[in-house]
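One structure is given below, encoded as C-alpha cells.
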C-alpha cells in the first residue's frame, strides 16, 4: 500500500516565469537521495473531479525536515500550472512512499562519476550530493547542468557550495544551448561530447575503464547521449543483473 497523504505548502519559490520550487512539509516515509515522489491535485472541472498526478524528484537531502521539489511550468500542463499558482498554507497530495532506483547505492565503484542533467533534472544530484553518503569511493565527480539560458541555472549557488564542500573532488560545469555566456559552454550535451569539447574543458575523458555516467532529464538528451556513449565509447546500460557504465532517468 502506498496511500496519498496531505502535504502542506510552506513556500513557492518562483525563479523565472516557468521555473519554480515547492517547499513542502509532509509525513512521508524515509527515502533515498535521488528518488522521486508523485504530487497530485484535483482538476478544476466541477462535473468530473479527478486527481491530476505527476512524478517529481526531490532536491533536498533525505535528512532535511522539509521537502523541496523543482518544477518546470509546462505550456497547457494541467498540474504544473496549478502547482505554480499555489500559496503558502495550501495543501496538496503526495505519496507516502517514494519511488525509483536513481540512487548512489546502485552506482558501481569507479574512478570518475559523471552526472549529466538538463533542466529540472539537476534535482536528484543536488539531493545525492547534499546527503553525501557513499560518495568517497569516487575519486572525481563531474556535475554538468545544461539549460537553455543562463538565468535557468537556478541551483548554481548550491552547486558552488557543494563544490567547496567536496574540496576538489567535485567539478561543476554549466552549459547553455540558446545563448552564449562566458561562464558556460555553449551547445547541447551530445554535441559537446561528440566534439570532445566538454572533456577537454574539464580535463577528464569518458571511457568504460574509469567512468560511470548518470543521465537525468530531457529524454531526447538521455537517449542521444546514451547512444553516443554506446556506439563511440563502448559503454553499456547498467542493470542490477548486469554491470554497465550508464544509469538513466527520463523526466517525461
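Heads up, the Cβ atoms here are built off N, Cα and C, so glycines get one too.
Site annotation for NADP(+) in Swiss-Prot covers 147, 148, 177, 178, 218, 219, 220, 224, and the matching candidate from 137, 163, 188 is 188. Among 120, 144, 176, 210, only 120 appears in Swiss-Prot as part of the FAD site alongside 54, 55, 56, 57, 70, 78, 79, 80, 251, 252. Around the Cβ of residue 188 (NADP(+) binding site), the number of neighbouring Cβ atoms within 10 Å comes to 19. The local packing around residue 219 (NADP(+) binding site), expressed as other Cβ atoms within 10 Å of its Cβ over all shown chains, amounts to 14.
On the backbone, the CA of residue 79 (FAD binding site) and the CA of residue 219 (NADP(+) binding site) stand 20 Å apart. Note on proximity: among 54, 56, 252, the binding-site residues of the record, the Cα nearest residue 177 (NADP(+) binding site) is that of 252.
Taking the binding-site residues 120, 177 in turn, the residue surrounded by the fewest other Cβ atoms inside 10 Å of its Cβ turns out to be 177.
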